[in-house]
Structures are given as structure tokens and as C-alpha cells.
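Below is one structure, written out as C-alpha cells; comments come after it.
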Amino acid sequence: MAAAGVGFLFSLILIFLRVPIAAALGITGFLGFGLLVGWRQSATMLAITTRDASMSYSLVVIPLFILMGNLIAGTGVSRELYRAAQTWLGGLKGGLANATIVSCAGFGMVCGSSVATVVTMGKVALPSMRYYGYRDSLSSATIAAGATFGLLLPPSVLAIVYGIITETHIGKLYAAMLIPGILGIVGYMAAVYWTCWRDPSIAPLQTKTPWKERVAALGTIWPVLLLFTTVLGGIYSGITTAAEASGIGALGAFLLALARRRLTWQITYDILLDSAQATAIIFGVLIGALVFTQFLNYTGAHTGLLNFVRDSGFSSFTVIVIICVIYLFLGAVMEELSMVLLTVPLFFPIVVGLGYDPVWFGVLVVILCGIGLITPPVGMNLFMIRTFAPDIHIMTIIRGIVPFVAVEVIRVFVLAAFPILATFLPMLLFN
């Protein structure tokens, strides 16, 4: 137990010294295992862990879903998604901001990346909201918050990582994310409505679009809807595994890009290179996390922590609240992948030992990581806004993001109090 505490602290120090997360976790796990068991055994453990991770069939979903997202981003479909949402929601109070949230959710559902969503959709939505007189505080915050659905809705890459390191069924995770994801969309739209009600000048009201134009706008996005339905429908129905669905999704995205005549040799090369680089980074981090987990398993930290929690007299719900608070704190200073790989091996056995569903905990962790994306001082999405809008001051974005963070905190505690919101669909579809 003491060895695990020292190892955890050592890995945190390395991370805050800006050592790459893969190296920080891998070095800690290798050194800790070597000091406790022996260097030859530690080297053997490292080799076996690397081999098993590299040859794992379940890991094929990562590069294929990343490739699918990059291909979709390259098709220019973001404009059609935003236009469709704008025609349906633009006439409401804060309509363009709500259209941004819905279109970000739609793009995130075929992209799986929050960073890609904030950059791609931001370049489309921000000029439109500025043209119609929306203030930058609401516009930028809406983009940053809406982009978190790249994590919170399938095919979330972060959910895949969680599923791999905890051996949780990825299809069940994707099913569990739908109801909390819809609640998130509704909550964000409520935050926009409240912001506009408090200060109507922040988002001038627009005229409603005729029904004929609304229907026509939907006709431009049906290929993306069909691709999304095919990928997730195959997983939910049991017709395909997650790995097979990821292959279908990548192929479908490639055919869609070809049909839209958006692929040149240079664009194709850039997409493949970006996908390969992202995959290599994630695989490296995963291997480091698995080595770190082997070290934790040997120390018996999981059993010790679980016994401590049981002997402490805390209720199970109190323990979950404490874990949520820890994640909210870490999310303000760490990026999401590092947070998951560092904490899940420690917290997962405790949560499961207390009788909670691992699928529910996975959804909770992903939502908490999403909050970290919009929480200063790190708040990756907040700073990504400035890559395409450097004239917007960071404090302007932070002022606008506060209602969305409040909505997310409420959603976390609702999900913690009512786990059925996440477990209902997996039980219905997979039992």
C-alpha cells in the first residue's frame, strides 16, 4: 500500500514536470515493479504487456474510429450540420447558440474527438453568430461546451480507452452514454436560454425559417445520419462488434468523402498521417498505463483501498461524491487522457467493490473529464477557441462558460444519484 502511494505520487510529479504521460506511467510502473520483484521480472512484464497490448484485437477500434472522424472532418459536412440546426432552432431565443450545441453534438457523434469538434465547428459557427450580433462570451462558450460531446457521445475514443483498461464492454458503454448525452444537450440549451433571459441583448432574436427550407436542410445531412445509424445500430443490435463497426464507419466515411469530391492526394496523406500520429500517441499512453496497473496490482493497493473505504464508515454514495470531487479538481489541472489512465486503475476496483456498475462508472468518468475540458486553468477547449479566434480574450470565454460548468456539475450529481439513467439502455439492448 505504501509502495503504491509512493508510485502514484512519483507519477504525478513526473506529469507536472511535463514528462509525457506515457513515459511517466511506464517509468513509474517499471521502476516500482523492479524494486519490489526484481529487474529481470520487471523487464519481462514490460515486454509481455507491450506485446499483448499491440496484438489486442479490441484495440483496432481506436485507429479506425480516429480515421473515421478525420475523414468526416475533411468532407466539410460541418457546414451542413450547422445549417440544418440553424434552420430548425435559429428562430428561438438564443437560437444560433442552441444550433451550435446541437451541431457540435452531431459532429461529435461521427468524430469522437472534442478537439476536432471545437476547431471544426468553431470555424463555422463563430462567424455566423458574430454576423447576427451575438456576443463573444456566449458564442465562444457555446462552442467550447458543445465540443465536449466529442467525448460524451459515441464513438468516444476516451470511452474506448476506459473500456480497454477496465475490460468493460464498449458497446454497453456507448449505449449507456446516450441518455446522459441527451440530458447534457438539454441542459446546455437551458443554460443558453437562461443566459439570454438574463440579458436579451447578448443574443438578438432571429426570424424563423420557413418549413420548406428546414426540410431541405435535413436532406443535406442524411448521409452522415445514415453512417452514424449504421455504425451504432450494428453495435447495439449485436450484428457487429465494436471493431467491425469501426471498420464499417471508416469505410463509409471514406466513400462519403469520395462522393463529395473532397479528397486530394495531399488531403488523404494528411488525414492518414494525423490518424497514425494520434493512434501512436494513444497506444503509447495505453501501454504505459497498463505497466503502471501491473505495478499497482502487485502492491495490493486496490484491496487496501477498498478495505479502508469499507472500514471508514462512509456510505457508498459519499465515496462516489468524494471521487467526483477529486476528478473535478484534477480536471482543472490535467488533460482528460492523463486523468483517466492515472486514476481509473486506482478507483475502478473500489467502485466495483462497492457494488456499482462498471458501465455506469465509465459514463461518469467521461462526463467528469468533459468538465475538465471547459474548466480553467487548463480547460483545453477554452484555449482551442483562441487558435481560430485570437482576438477573443480568455477571460471573455471563461465568463461565458460558467453556466455550462454549473449544468455539468448538476448532471454529474443527478447521474450519481440515479445510475439507472446510464444502465437502462445497456440492460435493455444487451440482456
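Cβ atoms here come from the backbone N, Cα and C positions, even for glycine.
Among the features that TrEMBL reports, transmembrane segment is placed at 6-36 (among others).
Residues or ranges marked as domain 'TRAP C4-dicarboxylate transport system permease DctM subunit' in TrEMBL: 12-419.
The list of residues near the transmembrane segment (57-77) in space but at least 6 beyond its ends in sequence, with Cβ under 8 angstroms from a Cβ of it, reads 107, 110-113, 116, 120, 155, 157, 160-161, 163-164, 170, 221, 223-224, 227, 231, 242-243, 245-247, 249-250, 252-254, 256-257, 260, 262-263, 267, 271-272, 274-276, 278-279, 282-283, 286. Annotation source TrEMBL lists transmembrane segment at 57-77 (among others).
Taken from TrEMBL, the feature transmembrane segment covers 97-120 (among others).
Through the fold, the transmembrane segment (141-165) approaches residues 56, 58-59, 61-62, 65-66, 68-69, 97, 100-105, 107-118, 121-122, 125-126, 129, 173-174, 177-178, 180-181, 184-185, 188, 191-192, 231-232, 235, 242, 246, 249, 282, 286, 289-290, 293, 336-337, 340-341, 344-345, 362, 365-367, 369-371, 373-374, 379, 381-382, 384-385, 397, 399-401, 403-404 of its own chain, all at least 6 residues removed from its boundaries and within a Cβ separation under 8 Å. The transmembrane segment annotation in TrEMBL covers 141-165 (among others).
Sequence annotations record features per position, and here TrEMBL assigns transmembrane segment to 171-194 (among others).
Residues 68, 72, 77, 80-81, 83-84, 86-88, 106, 109-110, 154-155, 170-171, 174-175, 242, 244-246, 248-249, 252-253, 256, 259, 429 of the same chain lie 6+ residues outside the transmembrane segment (215-236) yet bring a C-beta within less than 8 angstroms of a C-beta in it. Taken from TrEMBL, the feature transmembrane segment applies to 215-236 (among others).
Sequence-distant contacts of the transmembrane segment (242-259) (same chain, six or more residues past either end, CB-CB distance under 8 Å): 57-58, 60-61, 64-65, 67-69, 71-72, 74-75, 77, 110, 155, 160, 170-171, 174, 223-224, 227, 230-232, 234-235. Positions annotated as transmembrane segment by TrEMBL: 242-259 (among others).
Taken from TrEMBL, the feature transmembrane segment applies to 271-292 (among others).
Panel annotation: around the transmembrane segment (312-330), residues 339, 343, 347, 350-351, 354-356, 364-365, 368-369, 371-372, 375, 409, 412-413, 416-417 of the same chain, lying at least six beyond its termini, place a Cβ under 8 Å from a Cβ of the stretch. The annotation transmembrane segment is assigned in TrEMBL to 312-330 (among others).
Positions annotated as transmembrane segment by TrEMBL: 337-356 (among others). Beyond its flanks by at least six residues, the transmembrane segment (337-356) meets 8, 11-12, 15, 21, 25, 158, 161-162, 165-166, 282, 285-286, 288-289, 292-293, 296, 301-303, 305-306, 309, 316, 319-320, 323, 326-327, 330-331, 365, 369, 372, 419 of its own chain at Cβ-Cβ distances under 8 Å.
The transmembrane segment annotation in TrEMBL covers 362-385 (among others).
Residues 136-142, 144-145, 169, 171-172, 175-180, 183-184, 187-188, 190-191, 194-195, 236-238, 317, 320-321, 324, 328, 356-357, 359-360, 363-364, 367-368, 370-371, 374-376, 379, 382, 385-386 of the same chain sit 6 or more residues outside the transmembrane segment (397-430) yet have a Cβ under 8 Å from a Cβ within it. Annotation comment: TrEMBL describes 397-430 (among others) as transmembrane segment.
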Looking only at the domain 'TRAP C4-dicarboxylate transport system permease DctM subunit' (12-419), mean pLDDT returns 87
